[in-house]
Amino acid sequence: MSKQRKKADLATVLRKSWYHLRLSVRHPTRVPTWDAIVLTAASPEQAELYDWQLRRAKRMGRIASSTVTLAVPDPDGKRIGSGAATLNAIYALARHYEKLGFDLGPEMEVANGACKWVRFISAKHVLMLHAGGDSKRVPWANPMGKVFLPLPYLAADDPDGPVPLLFDHILAIASCARQAFQDQGGLFIMTGDVLPCFDAFKMTLPEDAASIVTVPITLDIASNHGVIVTSKSESLAESYTVSLVNDLLQKPTVEDLVKKDAILHDGRTLLDTGIISARGRAWSDLVALGCSCQPMILELIGSKKEMSLYEDLVAAWVPSRHDWLRTRPLGELLVNSLGRQKMYSYCTYDLQFLHFGTSSEVLDHLSGDASGIVGRRHLCSIPATTVSDIAASSVILSSEIAPGVSIGEDSLIYDSTVSGAVQIGSQSIVVGIHIPSEDLGTPESFRFMLPDRHCLWEVPLVGHKGRVIVYCGLHDNPKNSIHKDGTFCGKPLEKVLFDLGIEESDLWSSYVAQDRCLWNAKLFPILTYSEMLKLASWLMGLDDSRNKEKIKLWRSSQRVSLEELHGSINFPEMCNGSSNHQADLAGGIAKACMNYGMLGRNLSQLCHEILQKESLGLEICKNFLDQCPKFQEQNSKILPKSRAYQVEVDLLRACGDEAKAIELEHKVWGAVAEETASAVRYGFREHLLESSGKSHSENHISHPDRVFQPRRTKVELPVRVDFVGGWSDTPPWSLERAGYVLNMAITLEGSLPIGTIIETTNQMGISIQDDAGNELHIEDPISIKTPFEVNDPFRLVKSALLVTGIVQENFVDSTGLAIKTWANVPRGSGLGTSSILAAAVVKGLLQISNGDESNENIARLVLVLEQLMGTGGGWQDQIGGLYPGIKFTSSFPGIPMRLQVVPLLASPQLISELEQRLLVVFTGQVRLAHQVLHKVVTRYLQRDNLLISSIKRLTELAKSGREALMNCEVDEVGDIMSEAWRLHQELDPYCSNEFVDKLFEFSQPYSSGFKLVGAGGGGFSLILAKDAEKAKELRQRLEEHAEFDVKVYNWSICI
């Protein structure tokens, strides 16, 4: 596989996974999510940090509110091994549920391994991440926990959102694996220092068994890792295979692999990825063991032994390993408790393994194949290029950089404040540093420099007011002995000490020679900030090495080692400092947006971050709220009122004033209606509100004939189905940005289903009748006024009378009108029925009054009509019904808004193929478009970046769909429909439901693509079959299937 292909695959897998994660968090009843997420930690203090991070993830929408989260430390901070930690975590989860009030009876104590508790936990779907321990090779990540290090993949998709972390991406990948468990409870285990990029949607897990994810790997890599030996059922033609596990090997030689028959026919072997699952009975057995594991763990601690997950615990599911396992600590118990079930290998051939085991690997993942999806600037404050020197390839996240700073290529700066007179080299990592400019003096007196390939970070310590500054070389391995390749800042540690005049006894008083290494060297002084920076320069070899003053200061100072630091981190202080720092950054960005910008940022999201400062944050939000009237006044000519009002609504909510926010929302929607009217017909608002008979409309009837003349008009129109592009036609998007929609006019069951008959009558007033038997006679047409009642069945016709000017222009002074309407399609169809019926009525009224009945004029008037009705909506429905055939329509903002309809000259072959392969299916699910529409428009007015990027993508797909249809590439149209459907669910997860999901899942083997038409939520669906035969087969299966009470309609393109 080429590097280019890998990069594309990584982006595709991550985007799909993130889409699914967001969907499962926003609508967990429809898209199942984890019942519990559990992290293992090395100590109670680290567990507190992880709990804080888990709360953050919930607050940021990474974890569903219904999911139980828990961080579980090793007992008393003693190392017990990953296998025992797994059992301990299961026990802790059961106890946690007990504390949450899940009372299963007075005699039911978890510690007794009670059957009811085992049954209760066994029904749960649990994600477990092993994230405990120290990270000697990525020491700067120890304070935050390596699993929470920053990984800004796809960060640009949501520039006002939090910086994505490795943990967030792991959650995204894992969210797709949840479907493999279906309704059977289970456990899914991952490790905290690896991001396994693969399409977990495809994952298959055998029932009542354990499984391990594997990937084919070359023998040289396999020799340093775990290898899985399976039964010979691999078929490399498939993207994955499921096979019974026969044996487990640890760091095998080539001879071992040959002897155990572990080499595949292509010369590779199966790597153990560390992703393990247990489902059904295998999970129940594990829960039963976990609920009664405490005596076993005490025995391990007493004997100072460990139980590994990857060697010991999984061996219980592999019969060939049982004899070996019985020789291990508690091995007999594992075999007896778990050995009844089997383990399978789920081998996925396209898995990419991003390992974060060293600092250099972290930087590699930001500058290598994946660099195209890396957000290099996120939630940061950066000076102008004329007063700083910051490399374009550097990654700056949640940081404030002052003028006068220099940052080299491919460096990572995270959660820091870097003041002037600081120079950071290339390929360096700076984390949690807050350099106060007043401590540095002038650049002439002292300029701090961090050389190339170095790491620099700060740690708050328990029992100390200040922080300690820590540093090392990017490639230093703190585990290496001083006498065996041990380095500091990239140089041999022995030589560094000799050059500086430091004795080994200064660093190690209680360690024997072979155990002396950077990890346990008491190297880092705790002094004032400026003293620590100056000594850092000296220790890194940037200063006079034999400076007596500095070595004296260093020797006399209290010093700590990396090891001691790891056990003394003040986690609450660190979390609080990080929250305040990010709140300050968000506040600065929001302030700049209001003072210098046009409210282009998502202030709702930024305020969410600002409020982490609690009372201080609330004051900041109140100050922003106070600025709103002045801001609106200054920018009234160029800032849409709808956006200005929405900002005020968001700030009222941030300040806790929900009542005022709800009250102001009416102004938001009023402004959208007003802006729409202004854009589609210049001067329309004045025309609508004018009480005199004088008209400013194009449809002005200058001399209405007072003598009654009988006239009758009948308008019949098709319905529309949309392939892609919907939402880009909807105000206020279409008033501010270009919109593109690809749709098609069709007949149903051989007829045009939507129509109206309008005729003049001798009886004064207006009579309205619909196909539901509702009738109304309006004696005085001037009495028709907005707003209309939501449940008024005649508000569509009343709005049509207003927008066409029939009432205002005295047309009904000399004649009465009888209006009859019908729509022979199910209610809530999604076929644009309401808009197309409105178009039919508007067209009929303009015909009978000699108005401008051009399709473009009608389309614009219907836009205004829908705003008057309060339903909102865009132009694509009326365009779809008014213009025949398949068309690609563009809209361009302006006053008036410009519409450009381009009919696609479809060949007879294309028409025939579409009519044979495309199924138009009524789902039977009633939908209300305005409910979906309200949510989507609100998110757009908030400048929700994920929504904006989704609609932009829909417009790009509309252009691609046009090309595909013109080239008769119908399969590609199916792919486009399916991606459009995913994006629609990104816009609003409630645009689908479980029934629709099941319908599409059932149709998947027969189809190239599918989607609900219109805004979704129910109504009609389009299913593009793989070919004509598959279409016939699917139609028959759907009509016969008892679970699906759906109707497949006969249709044809309305030419």
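Placement of Cβ uses the backbone N, Cα and C atoms for every residue, glycine included.
Now, the feature entries from Swiss-Prot:
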BINDING   Pro826, Arg827, Gly828, Ser829, Gly830, Leu831, Gly832, Thr833, Ser834, Ser835, Ile836  ATP binding site
REGION    34-565  region 'GDP-fucose pyrophosphorylase'
REGION    693-1055  region 'L-fucokinase'
Across all the protein chains here, work out how many other Cβ atoms are within 10 Å of the Cβ of Pro826 (ATP binding site).
18
Quick one, of the binding-site residues Gly828, Gly830, Gly832, which Cβ has the fewest other Cβ within 10 Å?
Gly828
Looking only at Cβ atoms, how many others are within 10 Å of the one on Ser834 (ATP binding site)?
24
Average model confidence [pLDDT] within the region 'L-fucokinase' (693-1055):
91
Are there residues of the same chain, six or more positions away from Ile836 (ATP binding site), whose CB falls under 8 angstroms from its CB, and which are they?
Leu717, Pro718, Val719, Arg720, Ile754, Asp877, Gln878, Gly880, Gly881, Leu882
